[in-house]
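Here is the structure we will look at.
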């Protein structure tokens with residue numbers, strides 16, 4: 001009896017030792033994953049966004065790896081171009097805004113207000129120049145340069161991690177999930193959960209991406225056409241930038257686009273009112289109507305409705321898009337809807353299993369059944 005107990009204790013000790021090793025190992029992996037949390041979230045978002053493209057390329061008989069690379073390129077290039085164009089235009093227009101209001105000259109004037117240039121002699125000017133190019137200043141310049149290099153290197157590493165993760169999720173993701181379910185899901189409830197979550201994530205995230213590009217293109221056509229027809233005094237400023245912002249704003253259902261074009265129309269209406277020519281309000285009103293129909297209504301209620309998931313309530317999705325960036329930062333725009341879909345399907349699939357132990361779960365009523 002004692003021998004059996006000693007053998008049991010010895011086996012239990014080895015299991016505990018292996019368990020402790022696994023705990024440390026998973027803790028390290030979790031720490032690394034937390035350090036790249038934003039990249040991981042965006043990789044999941046990008047995976048589900050490009051997966052329909054990846055699957056559509058099957059008809060051409062291409063290998064899985066080539067299809068994955070083409071999917072990333074076909075989606076990544078337009079997305080990066082749109083984002084890069086937006087940032088470049090913002091930088092250029094910010095510079096032009098500073099030039100228009102002569103911010104630099106105003107700042108210099110404020111610096112020189114308390115300085116009497118007539119009292120400065122040659123020695124003081126020489127000392128001022130010497131201080132400007134002192135070793136301390138060179139050290140600050142070098143530190144700033146190293147900081148910029150560090151930021152650029154970090155961004156490059158995150159970009160590479162993003163591309164690699166997305167690529168291998170497209171190539172080996174389904175096989176990895178199937179292996180995990182086959183080895184660790186005896187009850188079958190995890191498989192039901194995956195089958196419920198997977199298509200909803202795919203349709204919701206892919207629908208949002210398509211909606212971004214459709215909205216941006218519709219905005220470009222609308223705003224540039226308006227500028228060709230409308231008087232210059234009420235022309236849309238920076239139509240390309242406004243269209244890009246409208247596309248990005250469409251990530252937030254219902255209200256996102258309105259936060260872009262309604263202030264622009266309001267600014268043009270205020271300009272027409274300040275000029276005193278009320279006839280200019282006619283093209284501005286036309287812009288409002290066309291923007292509401294072409295840029296807002298058609299993409300949001302036709303494109304998104306046909307290629308978005310139908311199991312997630314639109315109002316809850318709207319709250320997720322609004323609250324996500326507030327709680328998590330920028331990547332919360334992608335993390336919050338993912339968490340919402342995970343939670344909704346956990347309530348419908350996992351909670352009944354926990355409460356009753358039934359792998360098939362119980363039928364749950366839907367909101368449509370209640371008036």
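Each Cβ is built from the backbone N, Cα and C atoms, and glycine gets one as well.
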Stretch carrying transmembrane segment according to TrEMBL (options 127-147, 232-252): 232-252
Contact call for the transmembrane segment (232-252) against the transmembrane segment (282-303), three or more Cβ pairs under 8 Å: yes
Stretch in 20-49, 148-170, 205-226, 282-303 most in contact with the transmembrane segment (315-332), if contact is a CB pair under 8 A: 20-49
Tertiary contacts of the transmembrane segment (20-49), as residues 6+ beyond its ends and Cβ separation under 8 Å: 72, 75-76, 158, 161-162, 165-166, 169-170, 173, 201-202, 204-206, 208-209, 329-331, 334-335, 338
Distal contacts, the transmembrane segment (205-226) - CB-CB under 8 A, six or more residues away: 45, 48-52, 75, 78-79, 82, 235-236, 239-240, 242-244, 246-251, 257, 261, 283, 286-287, 290-291, 294-295, 298-300, 303-304, 307-309, 334, 337-338
